[in-house]
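Just below is one structure, and these are the notes that go with it.
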Amino acid sequence: MYIYLFIALILVLLLGLVVVDFMDKKRGLATLERLALGFLLGVGLLTLILFWSSFVYIPYRVYIVGAIIAILFIFRRPKLQVNYRDLYNKKQLLWVLIFLVILIKLTYSFVETASKPEYTWDACVHWTYPGNIIYQLDQDKYSGIPNILNKFPGHIAHYPKQLPYMHYWLFSWMGEVNDQWSNIYLPISLVCFLVLFYFNLKRGRGSLMAIFFTWVLLSAPMFLYHTTFGYADFSIGIYFSTGIIFFYRWVCEKDELYFWIFAIFIALTSWIKFEGKPMIVLGLLLLLSYLWLNKKPIKNQLVRVGQYLLCYGLIGLPWQLLLHFNSVPSDERFRLHLNFVGNIHADLYDKLFIDGSWGATWFLAFFVMVSFYKQFFKEENKYLLFAIFFFYFAIVSVYLVTDSYYNFGGAAFNRTLLIIYPVVIFTLGRICHFDLTK
């Protein structure tokens with residue numbers, strides 16, 4: 001079983017590597033970045049392939065898909081060469097010490113994930129169980145699996161399906177429904193995101209500052225805890241944050257590759273969770289802000305917006321259209337609650353600083369932002385601030401115009417903060433200017 005699980009995970013990586021290698025013609029990404037992007041992108045693309053192919057019954061589906069991925073990789077043969085000198089300066093003992101602490105935290109994430117079956121209610125009902133359903137329907141040779149899922153009661157019908165199809169992929173290769181091991185891709189995704197976080201922060205800030213804020217990112221109990229079980233909030237958080245981080249890199253370096261990574265990863269959030277829809281709007285507002293402030297020609301603005309919307313149209317929109325054509329009811333109910341403004345901000349304060357299991361990270365965030373506020377006036381840094389404020393306005397607006405407010409004061413709001421949390425820590429790393437070696 002473990003060998004087949006390993007093969008399944010490797011195939012995910014190979015699929016993503018083929019796509020990343022095709023996109024990165026200038027070789028602007030470090031090898032470890034390519035590997036990290038490859039796995040995260042592979043998860044998104046593979047689950048979309050499985051989704052589309054499951055409208056018809058295909059015998060040995062996962063093995064056929066796996067064989068095609070292997071053939072594509074052999075023909076493409078992406079060049080991978082790790083240069084360890086790109087990681088850090090050997091003279092920085094502090095870097096090594098911080099890295100060892102991070103390694104301990106990652107070990108906890110892997111051990112905790114693999115030591116137990118899925119036990120949290122939402123993860124079981126919304127993500128693992130639908131993966132089980134897809135697996136069983138495929139075993140029973142059903143066609144039209146997405147349409148069948150739309151007929152199930154409750155959230156199974158209308159929740160996006162990246163996580164369930166990933167479970168189905170791993171179940172199929174393992175030959176059994178084993179949610180103790182199907183969640184192992186989550187800590188792997190964490191490692192991949194940390195690599196991207198570190199390398200993007202290292203550009204312009206140095207390896208020591210980058211590794212320090214990577215540790216800060218992992219220091220919040222809420223964030224690390226959610227890497228050990230199958231809620232979708234961690235997944236949508238790292239995909240959204242990857243998109244914003246590469247938007248920042250695109251603004252700084254103007255490389256087409258980074259724009260497409262931004263657009264694809266933001267679009268993938270809508271394939272993970274319902275909260276991805278406002279994230280699509282947020283990404284569009286961020287793009288429009290950049291185009292307007294830089295006075296780009298109207299033609300260029302239309303092309304960029306069209307490219308961005310194309311990614312959503314190919315990735316997230318088909319699922320929404322399927323829900324519409326199958327008349328699947330939504331939980332969204334629009335109703336004004338403007339009198340809740342004070343309550344919402346009181347709950348926000350409570351979750352950030354008192355009862356949210358975030359440790360001292362939000363105190364640190366506000367302290368650094370106030371102390372180094374002048375750094376936000378730099379051309380590129382202001383877009384990180386825009387992303388944070390757009391997220392704040394998006395979340396508050398949702399609770400003011402829908403009936404979802406009852407979730408705000410509970411654990412659901414804490415989980416929603418996981419979407420923006422990595423972006424906030426990345427922002428701290430960009431604006432915080434002090435020398436750790438002194």
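Placed from the backbone N, Cα and C atoms, the Cβ positions cover glycine too.
TrEMBL does not curate its annotations; it predicts them automatically.
Per TrEMBL, the features are as follows:
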type	residues	note
TRANSMEM	6-23	transmembrane segment
TRANSMEM	58-75	transmembrane segment
TRANSMEM	93-111	transmembrane segment
TRANSMEM	184-201	transmembrane segment
TRANSMEM	208-225	transmembrane segment
TRANSMEM	231-250	transmembrane segment
TRANSMEM	257-272	transmembrane segment
TRANSMEM	278-293	transmembrane segment
TRANSMEM	305-325	transmembrane segment
TRANSMEM	358-376	transmembrane segment
TRANSMEM	383-401	transmembrane segment
TRANSMEM	413-432	transmembrane segment
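The list of residues near the transmembrane segment (231-250) in space but at least 6 beyond its ends in sequence, with Cβ under 8 angstroms from a Cβ of it, reads 37, 40, 44, 120, 122-123, 126-127, 162-163, 186, 189-190, 193, 196-197, 200, 203, 223, 258-259, 261-266, 268-269, 272-273, 275-276, 279, 283, 286-287, 380, 383-384, 387, 415-416, 418-423, 426, 430. Sequence-distant neighbours of the transmembrane segment (305-325) (same chain, 6+ residues past either end, Cβ-Cβ under 8 Å): 44, 48, 51, 146-147, 150, 157-158, 160-161, 259-260, 263-264, 266-271, 276-277, 280, 283-284, 287-288, 291.
The recorded stretches the transmembrane segment (278-293) and the transmembrane segment (383-401) share 3+ CB pairs below 8 A when only pairs 6 or more apart in sequence are counted, and are therefore in contact. In this chain, the transmembrane segment (208-225) lies in contact with the transmembrane segment (93-111); the count of Cβ pairs under 8 Å, excluding pairs fewer than 6 apart in sequence, is at least 3. Same-chain residues lying 6 or more positions outside the transmembrane segment (383-401) and placing a CB less than 8 Å from one of its CB atoms are 244, 247-248, 251, 278-279, 281-282, 285-286, 289-290, 334-338, 340-341, 344, 376, 408, 416, 419-420, 423-424, 426-427, 430. Comparing 184-201, 358-376, 413-432 for CB pairs under 8 angstroms to the transmembrane segment (208-225), the maximum falls on 413-432.
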